[in-house]
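Peer 1: Pulled from TrEMBL, these are the listed features:
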- B:1-32: region 'Disordered' (REGION)
- B:44-373: domain 'Aminotransferase class V' (DOMAIN)
- B:Lys207: N6-(pyridoxal phosphate)lysine (MOD_RES)
- B:Arg359: substrate binding site (BINDING)
There are 2 protein chains.
Amino acid sequence: MSSLSVTPPERLKTPLTVPQRHMFGPGPSNVPPRILEAGAKPVIGHMHPEIFEIMSDIKSGIQYMFQTQNNMTLAVSGTGHTAMECAIFNAVEPGDSVLTAVNGIWGERAAEMAERIGAKVNRIVAPPGGFFTTSEIEQALSTYRPVLFFLAHGESSTGVLHPLDDIGHLCHRYNCLLLVDSVASIGGAPVYMDKQGIDILYTGSQKVLNAPPGTAPISFSERACQKIFKRKSKPVSFFLDLSWLANYWGCDGKPTRIYHHTGPVTAFYSLRESLSVLAEEGLENSWERHQNVAEYFHNGLEKMGLKLFVKEKSARLPTVTTIVAPRGYNWKEITTYIMKTHNLEISGGLGPSVGLVLRVGLMGCNSSRANVDMVLAALKDALRHCHKSKV
Amino acid sequence: MSSLSVTPPERLKTPLTVPQRHMFGPGPSNVPPRILEAGAKPVIGHMHPEIFEIMSDIKSGIQYMFQTQNNMTLAVSGTGHTAMECAIFNAVEPGDSVLTAVNGIWGERAAEMAERIGAKVNRIVAPPGGFFTTSEIEQALSTYRPVLFFLAHGESSTGVLHPLDDIGHLCHRYNCLLLVDSVASIGGAPVYMDKQGIDILYTGSQKVLNAPPGTAPISFSERACQKIFKRKSKPVSFFLDLSWLANYWGCDGKPTRIYHHTGPVTAFYSLRESLSVLAEEGLENSWERHQNVAEYFHNGLEKMGLKLFVKEKSARLPTVTTIVAPRGYNWKEITTYIMKTHNLEISGGLGPSVGLVLRVGLMGCNSSRANVDMVLAALKDALRHCHKSKV
């Protein structure tokens, strides 16, 4: 007689089926067959010489994508949020002063993470769709004297591309590290980590890179490493402790690597493949393509009578476009209609932009004029078919 | 002229190649084509209704594998170490007393994690290859009055399968939660989470389940949830905060799910597929197969004149076998020879067992008599060819 009190679930008897759809929301984006196939190669050990070679390739690819010579460059075994915690857990000690720029959801999340580990957190806040001037940032740096300043380069909840020039060097004058979230922007808009004086930069695999979600590139400047390796207390997380990660990724110059955790080897394969694709196209070509496609899209939207949420042209994220939620419509009805009728994901707002915007992401291989035409047609169709109240 | 100071890396121009090898170390194990193919299906959104269905399937599969009715059952977006931190970060508050059973590497790692978040940690220590009697555990519970007791069911560094009966109920008499690591054992040896009074149980995807590393099943009893949801302080990690994870996995009874993080959707596909495979075979059949294959293997080793590291038969892990490092040989020469000549991974010790043992993992689809024969042949060959000192 069976000793089991829980029987095999019926639902697992149905074979897995997954629909193919156009992933034009703010991420994850579509993954081309080449990258999916890379991730389906056989599993090898997380400490085999071949995986260390693949990790070296990934490191070079990230250095290229980030435009950095930082030796401390690697991919975290997790999503963008894991990288965000990796940055904050390592760079911040309890009692440290941290400043975050909140003009959407990401600055608020960074603030919450820093608060959870006992930092004193101050925020500068701009309305959704807005951003910060250098002098506003300088004033806050001078007032709060933070050890770390968080800024989202691509604020995917509001569609803002934040200017980066000068901010790194400004932070350094105040003896502060600059931490930049480039999850939604990297590969689609110019970032020069070294030249711009960014101390910690991270992103995710599932946006412009078009790899499945599950790995998160990150890099630390020499200045960041100096603070991190002089910490008085250990970071709260063993899993994200940079001294362990540095050893696993061969960034600490030690001759042997010690078992830390089991790296997601197949996710590393697809990450490597996605970095190869980016290197083949060339970073500047990719930036230019995203910019051109975004402008083509924005013109098309305006011709339809729709309004862009971000007023200033140069502050529009070329990867994720925010459209002012059309008046008189229920935004949810629009996104649902488009998913149902066109098998195409676009999304509503997130955090402070909920109800205010529609968001369309065209990232990596998805960034093309043909896809813009598809989205514009779907939007036109939705505006015809969805219920409009007589406001 | 290019504005880039870092050029595209040459090494990314070489196509990705991955060798196919027999993964008979302590993990990751081989992933069958069926599971690799599941993970190569198209990416959908981390908040699409179809992924919520897949996550429900996974939840049922984990409940079956763990033999639990716990509603709070889900998969963490990370590796076994992430699940370990998820358990400790949520169940432990600063100042809490924690007890860990150290008879290999895992109890020590759990202790380190709990120390990092400010717990008062005590350890009971057994020599590598040993384990704890119920009365030793009771004495420590009575002395240290911990809120949480950590025990590795399958101690993969030493090859010990720890007895579980009574320990859960014993812990409850001392008002203590029982946290069990079953990364190396689940699916390969009997575990009855509910019946055995285990409060938190976790595992990884890459052992008996034969999925790629990158997801980690975890479950919390009602008793564990009561402590967790009455916390005074927030857990240090936003990413691993159970109240957020519970919402994402539909375990909190709320009608809507709020964006927490981008789940690794393709890793969820392969995890679901691996749970289907286990459900098809049946848990008891899988336990029996692993046990039979392990006994067949152990007999074969003893016939060769090799010694098993774990003396007590009933305490031998059926998934990972530890062999006393053959006298007069350099263990590293043996594992290197076998990898080179037989394309087969077996490994040396880990942590306290380094230099003492060879470790062979035969997990999930790898657990078969044919594979045992292959390993025995490789070992015989290695002992003939490797250098033996005249001690």
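Cβ atoms here come from the backbone N, Cα and C positions, even for glycine.
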Peer 1: Any idea which of the recorded positions B:Lys207, B:Arg359 has the thinnest Cβ neighbourhood at 10 Å?
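Peer 2: Fewest other Cβ atoms within 10 Å, among the recorded positions B:Lys207, B:Arg359, is found for B:Arg359.
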Peer 1: Tally the residues of the region 'Disordered' (B:1-32) by DSSP class, grouping H, G and I as helix, E and B as strand, and everything else as coil.
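Peer 2: Tallying H, G and I as helix, E and B as strand, the rest coil: 4 helix, 2 strand, 26 coil.
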Peer 1: Given B:Arg359 (substrate binding site) and B:Lys207 (N6-(pyridoxal phosphate)lysine), what distance in Å do their CA atoms have, once rounded to a whole number?
Peer 2: 14
Peer 1: What is the average pLDDT across the domain 'Aminotransferase class V' (B:44-373)?
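Peer 2: Looking only at the domain 'Aminotransferase class V' (B:44-373), pLDDT averages out to 97.
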